[in-house]
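Below is one structure; the comments refer to it alone.
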Amino acid sequence: MSASSSACDCLVGVPTGPTLASTCGGSAFMLFMGLLEVFIRSQCDLEDPCGRASTRFRSEPDYEYDFIVIGGGSAGSVVASRLSEVPQWKVLLIEAGGDEPVGAQIPSMFLNFIGSDIDYRYNTEPERMACLSSMEQRCYWPRGKVLGGTSVMNGMMYIRGNREDYDDWAAQGNPGWAYNDVLPFFKKSEDNLELDDVGTEYHAKGGLLPVGKFPYNPPLSYAILKAGEELGFSVQDLNGQNSTGFMIAQMTARNGIRYSSARAFLRPARMRNNLHILLNTTATKILIHPHTKNVLGVEVSDQFGSMRKILVKKEVVLSAGAVNSPQILLLSGVGPKDELQQVNVRSVHNLPGVGKNLHNHVAYFTNFFIDDADTAPLNWATAMEYLLFRDGLMSGTGISDVTGKLATRWADRPDLPDLQLYFGGYLASCARTGQVGELLSNNSRSIQIFPAVLNPRSRGFIGLRSADPLEPPRIVANYLTDERDVKTLVEGIKFAIRLSQTAPMKQYGMRLDKTVVKGCEAPAFGSDAYWECAVRQNTGPENHQAGSCKMGPSHDPMAVVNHELRVHGIRGLRVMDTSIMPKVTAGNTHAPAVMIAEKGAYLLKRAWGAKV
């Protein structure tokens, strides 16, 4: 949908994605959500037609660039922004999707765009041990196909992980990636809006990525903090000295507005003539000389299927994410030789680890009821509070703003959290009428606690179905194939139930939903055997995929890139996204993705003699 914003003295030059009404499902939502969208589009700071990077969009690329970045997502937007800081470097950013929708700027709408046109809508291959209740036993994997990538549709939570995550990376043969090495790159991007509260040892101001709490946090969020304290957990900054406890999280947002990587890093670069952006363009392969192994350029396909080759002078950076980065490498002939031959892709370089080591945090959605009517949190009152003051339920994600991290008995160390608790409820996302008190059902209001395994042992892989670059890759997640992941998840469910029984939660009348999970009728409800069955039936994958282009030394047979993020055996090609993680960090992966991009851009600048 295109829109003009004369009140903002600018026009939106390109379509800006699905409307809010279309993301709510069905004509019943059309009137209220359609009217709400009209009001939203009249807000210059939300629509941001003058600030968007549309001045950098190109319908036709140049013949050659110094650097080509594939993927304009959480990491790629950062890389392109940082490289284009060097005026004499000409940089091309290739993005398969379009520009981010205006509705996605609103925090409470963060789930609306999952399953929409800006989502790749991937499904895993049928799982053996997980997602058993899903159609064909396939787990759903949302992935952003839009400028900004999955940072346009994630929960915005800024979590760096544990210090030990990075020290472990370094210990595996990756110098420069220990916690003390990467902390400056976290701080480089950060514009912390609450620096007086969190301090300067671990945080900073002045970066391009705003980090702070939402303007409004529901009372239930504070009650959850009290519940955590009753169980012995401190309320503290989990991105600081300690990584165990509870907190109302800081988010990648400012003034009640989402800041995706595209908004934070590309929009400030909109006046740089040396930065070009191709939207709705798929990188189909990286062109590599079969004998010298030098990267020559990139082959792309536009939205109409027209193919072209774009040459590169210096390097190509692959930032397409944990699914698409290995896919593009495989399509380019870089990967396990025998697997490439099976799909008729010519092998350029035999690299067995490409696509392997795939893993992800996995959760279970535990449902509870509280003593409150099941009314729609979104109505004209909450809408006006947001439109006029950038406050209220639309300015946040309901009780998804709170989180906790703890160590179960399955943790490697008692001070290292292997479980994270997420919460769901009071999300002002969709409404039919906009009337205050609009009933969603005659039941009590439901809220959710999602325990998630932070140290998953199960491993899967990414592969090709065919040599067709537009065909989705094979995703074999292998969730819960390691029994320790199941045991950790069950411990998390039992902790969630204990949390619901604390005095602060009892004040809300919080109680477990005892509806028996289909397929788990035999075990006694609430027993370990029951929950082990339940997590396999109703598995909840997080959107924190990692590891499929593992960073490691050349003597590691499964390593894809070295500590400088160069692809082993190829000259002029690096990978910069969460796929390089040897092991996923203990928490949400957006902040680490930005850090990886910041450090990767620094490595490129240093290698090519630019000021760093």
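The backbone N, Cα and C atoms fix where each Cβ goes, and this holds for glycine too.
Database features, via TrEMBL:
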- VAL146, THR150: FAD binding site (BINDING)
- 144-167: domain 'Glucose-methanol-choline oxidoreductase N-terminal' (DOMAIN)
- 321-335: domain 'Glucose-methanol-choline oxidoreductase N-terminal' (DOMAIN)
Just jot down the residues in the same chain as THR150 (FAD binding site), at least 6 apart in sequence, with C-beta under 8 A of its C-beta; none if empty.
GLY73, SER74, PRO142, ARG143, GLY144, GLY321, ASN543, HIS590
Proximal but sequence-remote residues of the same chain as VAL146 (FAD binding site) (Cβ under 8 Å, at least 6 apart):
GLY17, GLU95, GLY97, GLY98, ASP99, GLU100, PRO101, ILE118, VAL152, MET153
DSSP puts the residues of the domain 'Glucose-methanol-choline oxidoreductase N-terminal' (144-167) at 9 helix, 3 strand, 12 coil
Grouping DSSP H, G, I as helix and E, B as strand, the residues of the domain 'Glucose-methanol-choline oxidoreductase N-terminal' (321-335) number 11 helix, 2 strand, 2 coil
To what whole number does the mean pLDDT across the domain 'Glucose-methanol-choline oxidoreductase N-terminal' (144-167) round?
98
